[in-house]
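To start, the structure itself, in structure tokens.
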């Protein structure tokens, strides 16, 4: 926090039934050190007889529940109500559990970070009313698909985007302005839940060899929070950005052709632009190439300034994914070393 680093949490999903026994050679390549200084912060990987060790701010093994994960980020979510810009994003290969972490599944114990964060924010804002606070909130949801920004809440929107308006990104002192984006006032969890359902039906998904229902776009949920306190005369402006990135994957492995191939190339290009930005920030370069993709330009206020940023790196435990897993973990280590500036309250 004090150094202004991007925090990194790593989450390893369980082996699925058809992926073999996690105690056999398939699952034995990942382990979690249990020494006092490593517990809950380190992950070891055996690849071709070589041991690789990584450590992050927090590591969740395959047994961690959605509740366990949320407890660790709940204070970060809270700071959006206090007037901070907060950005939480999930990164990892296709099928590693990003959408499960961020959105979850129906059912109380299966809910992901996005619904839990919103429940907490509405609950806390009601509690703070007794101290003179009054909050108003606005939600928007978009996806970046093949370098095009699509408004997921546009009225009368169907899955055919050909006729839909083109949104463009501009920056202002409070963060992003995306032109022509539908922004909806929300007053409670029911409002947001129905918007999330609408957005998820509109989001671009497709089948690849890696995943039955693979997200083919980057999904960005933004909640703008304005608070004023009649007792103290204080005003705060907070922003909560919750982002489910599309999965990285090697073309050979995903078996993509036609539209899927074009999508995969576009996803990989934007994720490599993200890594270029991270490396430039980590090295302290004068020029950071935010404009090289729509994704990095959209994330610029989160990564290039005074916000609190956290990345979930999601990992698949199966042996055949070890190459992708190492790439993801190395990238996450570089992200963790990035100093983006000390978070500042917007009052």
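Cβ atoms are placed via backbone N, Cα and C, with glycine included.
Since this is a predicted model, take the numbers as computed values, not measurements.
According to TrEMBL, the feature ATP binding site maps to 92, 93, 94, 95, 96, 97, 98, 99. Taken from TrEMBL, the feature domain 'Kinesin motor' covers 5-338.
TrEMBL feature annotations superimposed on the structure.
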residue: 92; record: ATP binding site; Cβ contacts under 8 Å, 6 or more apart: 98, 245, 247, 248, 312, 313, 314, 315, 316, 328
residue: 96; record: ATP binding site; Cβ contacts under 8 Å, 6 or more apart: 13, 247, 314, 315, 316, 321, 328
residue: 97; record: ATP binding site; Cβ contacts under 8 Å, 6 or more apart: 11, 13, 314, 316
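In the shown protein chains, 25 other C-beta atoms lie within 10 A of the C-beta of residue 93 (ATP binding site).
A sphere of 10 angstroms centred on the C-beta of residue 98 (ATP binding site) encloses 27 other C-beta atoms.
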